[in-house]
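Structure first, commentary second.
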């Protein structure tokens, strides 16, 4: 095969990015050359997200643009949307040359020959391969995601993830620890643990959660690094991890806990066991055990059955919880989920204007809280991971430990000659909305 240059369009979440990195590693091993310009590629891989309609439409639009702009390239449609819809995509999008699912991204090279023979292949492996090793990272220099499990067993009523990525499968602990050690030895300063639910790690093996044990194993690694936890389901938050974090400052007291709502009726319909008082108690317990903790959450507006009373309960909760960061999303009626049966398409459209107003109101409330929480950091000294120097200015954009990649505020560091991947000790001198300003010390 003479076609040896590839480009990956990376859409969706951090788990999708890990898939893209594994695909890149296998193509690199097979002698392919990664290019950052799609116009120079023989193979364009669209690594799609299929979680909600907006994400699917984005993947379609990117694909149509790629075909129009690069008519000679082979386009392989991959990722979550590929896994969910399979061969249907070949019928609905004549612009693509093949479909590749995400259950075994390690098998990417198996589809290349039929792809370039114009056979329009579909490869949707049923057997899961939980690959970990990567030799190319698409994160900012010095930072990496590390996936510890795939799939989910929660089956929340609104969520299509189990339909797309399947049931929970945990990566073997030795494999996770080995990959973390390799990343640290290769200069990575920030490891972001990702999964659909970190706390469920190991429960697919018929045991209690192995996540605390995994943290202990990772804590035994040598080196100076940040270990961040992204996404812990609140229904079984593992409080056993508190002593581990108290004993090792490298494991960051950063908690991404997707609460989704605060009214018990809505949470029950979602298939979740919590309520406002229980969630507030959890937040208090976290802050009592780890006073410097940063807590992020996400909330879903417009879920079927949400009226003014339920939205008011959520607003009261957000005002009292004083979360550091929060994201707000509108309910998306997803085919195959239980919640899709609760409201038809017409009623869904009619309900959205009110939900959008509530979302904007809650966003405004949380913005003021987030800015207040950020201002409390003024005066502290902390490490900052530099992501991007600002051209022709002696400043650079970076993140402190309490700012996760891509979703939280930034820290602007005033210092000359900084480069991406530098890890600097800084003092926070002022706040500016969500962002902070700092100087090196």
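Including glycine, each Cβ sits where the backbone N, Cα and C put it.
Features as listed in TrEMBL:
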type	residues	note
BINDING	13, 49, 80	[4Fe-4S] cluster 1 binding site
BINDING	152, 156, 159	[4Fe-4S] cluster 2 binding site
DOMAIN	4-117	domain 'MTTase N-terminal'
DOMAIN	138-372	domain 'Radical SAM core'
Seminar exercise, completed: DSSP says residue 80 ([4Fe-4S] cluster 1 binding site), in three-state terms, is helix
Problem set entry | Neighbour tally for residue 80 ([4Fe-4S] cluster 1 binding site), based on other Cβ positions within 10 Å of its Cβ | 28
Exercise. Can you list the residues of the same chain, besides 13, 49, 80, whose Cβ falls within 8 Å of the [4Fe-4S] cluster 1 site's Cβ centroid?
Worked result: 11, 12, 15, 16, 48, 50, 51, 55, 79, 81, 164
Exercise. Taking only the binding-site residues 152, 156, 159, which one has a CA atom nearest to the CA atom of residue 49 ([4Fe-4S] cluster 1 binding site)?
Worked result: 159
Problem set entry | residue 159 ([4Fe-4S] cluster 2 binding site) to residue 13 ([4Fe-4S] cluster 1 binding site) - Cα separation in whole Å | 15
For this session: Give the residue counts of the domain 'MTTase N-terminal' (4-117) per reduced DSSP state, in the order helix, strand, coil.
Result: 59 helix, 23 strand, 32 coil
Problem set entry | residue 80 ([4Fe-4S] cluster 1 binding site) and residue 156 ([4Fe-4S] cluster 2 binding site), distance between Cα atoms, whole Å | 18
Problem set entry | Cα separation, residue 152 ([4Fe-4S] cluster 2 binding site) to residue 13 ([4Fe-4S] cluster 1 binding site) (Å, whole number) | 15
For this session: Would you report the average pLDDT that the model assigns to the domain 'Radical SAM core' (138-372)?
Result: 91
Problem set entry | residue 152 ([4Fe-4S] cluster 2 binding site) and residue 80 ([4Fe-4S] cluster 1 binding site), Cα-Cα, nearest whole angstrom | 14
For this session: Taking the Cβ of residue 159 ([4Fe-4S] cluster 2 binding site) as the centre, count every other Cβ atom within 10 Å, in any protein chain shown.
Result: 23
